[in-house]
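In what follows, a single structure is set out as structure tokens and then discussed.
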Ligand code: ACO
């Protein structure tokens, strides 16, 4: 029997502490006007004492509560993150333990701001295999620990948060098409979390832990390459932009959304945005947006809408899914 996957529940969580642009202007040479006009960002949520697994666990617990499922019903947990608590155990393994999902296997997936889209595409294959019935996919980040707070060119852009979905096996197809890409040759334009060689047998390297970004190169990559890829993907899927009800894009910068919408010839109203409140939360940005759209009644989760989801960022990676949701 053919099996498919569908998103049956959504949830998100953001740390309570809010850092406004004015708070950053008191710490570094920047201003609310510069940040808001260049990026659309007005504030971001920043952890005080929580780790990525704490945020992801809140989301997983909310998903179980909303769907009234016992934790034992979950077959797998994937956490997309570039800011795991540690290399091992994985963030997903910590979530598995915290919610008591004893039957679930769990692992992290690292694809930066495309992480949630890549993880969702992977999870769909697990459910389509017919071996599993229910899985949780979460995007969770604590980017505040990888940002260099002395570098105004990146510190103002990022925030912390988590969002996720419960996926269930379905008799009807809901994942209509996918298009996933990586260009590792351009990876140097966005880096973080470097781990230098530190053994008596190796030449020592400097650690490169902080997030570093060639902002202009990433901006152009998003506007030119990612937008072209979305247009081609829609055509390859024998659809037009009119067939797409909502475009859920990675929330990096409002100007990027605006230019994408213009280039694709789509009204900006079809591009919901929340980077004003959260900043760029990398792998968490799309699931937080999805969850907020459901809360606001823009998405009903009744299979009546067609949405396009696109992540893009470090790797470089970019990827889109078209979903009946
Ligand atoms: N406050 C005030 N001034 C600033 C700040 C700041 N926070 N940051 C930079 N400036 C200054 C610069 O020093 C520069 O000054 P100068 O002209 O005297 O040299 C001036 O502002 C202009 O700097 P630019 O870098 O040219 O500014 P730009 O208009 O390109 O905007 C930005 C920068 C917002 C980063 C933009 O390039 C961008 O959005 N890039 C894409 C980022 C992105 O989408 N990342 C997504 C992927 S992230 C991920 O995958 C984890």
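Cβ atoms are placed via backbone N, Cα and C, with glycine included.
According to TrEMBL, the domain 'Beta-ketoacyl-[acyl-carrier-protein] synthase III N-terminal' annotation covers 107-184. Summarising the annotation, TrEMBL assigns active site to 113, 250, 280. Among the features that TrEMBL reports, domain 'Beta-ketoacyl-[acyl-carrier-protein] synthase III C-terminal' is placed at 235-325. According to TrEMBL, the feature region 'ACP-binding' maps to 251-255.
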Quiz item: How long is the line from the C-alpha of residue 113 (active site) to the C-alpha of residue 250 (active site), rounded to the nearest angstrom?
Solution: 7
Quiz item: Counting by DSSP, what is the helix, strand and coil composition of the domain 'Beta-ketoacyl-[acyl-carrier-protein] synthase III N-terminal' (107-184)?
Solution: 25 helix, 32 strand, 21 coil
Exercise. Take every residue in the region 'ACP-binding' (251-255), average their pLDDT values, and give the whole-number result.
Key: 97
Exercise. May I ask for the distance between residue 280 (active site) and residue 250 (active site), taken between their Cα atoms and rounded to an integer number of Å?
Key: 8
Quiz prompt | DSSP-derived class (H/G/I helix, E/B strand, else coil) of residue 250 (active site) | solution = coil
Quiz item: Which ones in the same chain are close to residue 250 (active site), with CB under 8 Å and 6+ residues apart in sequence?
Solution: 113, 114, 280, 285, 286, 310, 311, 312, 313
Quiz item: 10 Å Cβ neighbour count around residue 113 (active site)?
Solution: 33
Exercise. Could you say whether, by DSSP, residue 280 (active site) belongs to a helix, a strand or a coil region?
Key: strand
